[in-house]
């Protein structure tokens, strides 16, 4: 005898809970746990404030630096260098990556050079860049571009290579030219993989800008950390580090939102 199972209707509230992304709770919970352990470490260790400041002391220093305009000045300098370096690296990496994905012999010729370049830390190259281009914004942009370039390049090559060959052949059979192939086939299909490199590149661009500021910067969050270290202003160091983390997180989230918008636009 065949039995049928009863159909259970799921209420909209339950469906909304099922669609709820529990990882969204990760950041607030992590921050709360970090603050709890931080305060516990301050209380139990007994370290003075210039070694391990309390969260309340750092929050007060943050407001002081923000209201005085000091934090804005250094944050905008770091953000300008990071976005400038990212933009430069993105343009070069997209053009070169697309070329390497289609020209095998060129990829084989440049692959050893690109691999060897990664053995040299950017921190070691930064003094040379500053020596050649000065201690201004240009050198920081170049340092940020250097550290950002390779992840975007690799993801560009992988994204183009991952497109099924059959789709490319069908596009050519349909009479598509090179531009139409890029616009209607390669670009939409490569976006998800490509944006993985973009998000990584944005995070690394901030690191590159700070490296340049550490070496010879008079303005920027890296320079602010150097200044605070010389003054034994440990709360200000924590403020600069928290600001860097906030910048990186914001850029990462914005890149994810941009990816969703572009994917929806291409799908429509």
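Any Cβ shown, glycine's included, is placed from N, Cα and C.
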Inset, instruction - Name the residue range among 3-23, 24-44 that Swiss-Prot annotates as transmembrane segment. - result: 24-44
Legend entry - Given ranges 185-205, 206-226, the stretch to which Swiss-Prot attaches the annotation transmembrane segment: 185-205
Legend entry - Range annotated as transmembrane segment - as stated in Swiss-Prot, picked from 76-96, 97-117: 76-96
